[in-house]
């Protein structure tokens, strides 16, 4: 199946009309390539994606990018101090929440697999 697709693509490629002729000099005049189209306006669009399936910490139920309940209770807490921790299972929690959870259980709260830090930070 993949071979058929490749053959079709190359056939389409060969049917395209190219102007590969090099400009030649004849009598001191240089032939310029004619443009087939001119881009008058280009509007770029971007999308931001989040690779975590859930937006909330399953332990404290707050949005993962907001402060956890521990940091909300501390008036001196800084947004940078409340980081996100990812496990090898790709589940994400607030670092403070998962650290408190791991004091009593050494498994992920969602899938009950052994918890191993993959990364943590913003």
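We number each residue from 1, going along the chain as drawn.
Each Cβ is built from the backbone N, Cα and C atoms, and glycine gets one as well.
According to DSSP, residue 94 (Zn(2+) 1 binding site) sits within a strand segment. Residues or ranges marked as Zn(2+) 1 binding site by Swiss-Prot on the basis of similarity to another entry: 57, 60, 94.
Annotation note: residue 82 (Zn(2+) 2 binding site) sits in a coil segment as assigned by DSSP. According to Swiss-Prot, the feature Zn(2+) 2 binding site maps to 68, 71, 82, 96, an assignment based on similarity to another entry.
Listed in sequence order, the residues of the same chain lying 6 or more apart from residue 111 (Zn(2+) 3 binding site) and placing their CB within less than 8 Å of its CB are 89, 91. Under DSSP, residue 111 (Zn(2+) 3 binding site) is assigned to coil, being neither helix nor strand in the three-state scheme. What Swiss-Prot records for 89, 91, 108, 111 is Zn(2+) 3 binding site, and it gives similarity to another entry as the kind of evidence.
Summarising the annotation, Swiss-Prot assigns compositional bias 'Acidic residues' to 1-23.
Taken from Swiss-Prot, the feature region 'Disordered' applies to 1-28.
Taken from Swiss-Prot, the feature zinc finger applies to 57-112.
For residue 94 (Zn(2+) 1 binding site), applying a Cβ distance below 8 Å and a minimum sequence separation of six or more within one chain yields 57, 59, 60, 62, 64, 68, 70, 71, 82, 83, 84, 85. Separation of the C-alpha atoms of residue 96 (Zn(2+) 2 binding site) and residue 108 (Zn(2+) 3 binding site): 14 Å, rounded to the nearest whole number. In the structure as shown, the Cβ atom of residue 89 (Zn(2+) 3 binding site) sits within 10 Å of 16 other Cβ atoms. Summary of the Zn(2+) 3 site environment: with the site residues 89, 91, 108, 111 set aside, the chain residues having Cβ atoms within 8 Å of the Cβ mean position are 87, 90, 109, 110, 112, 113, 115.
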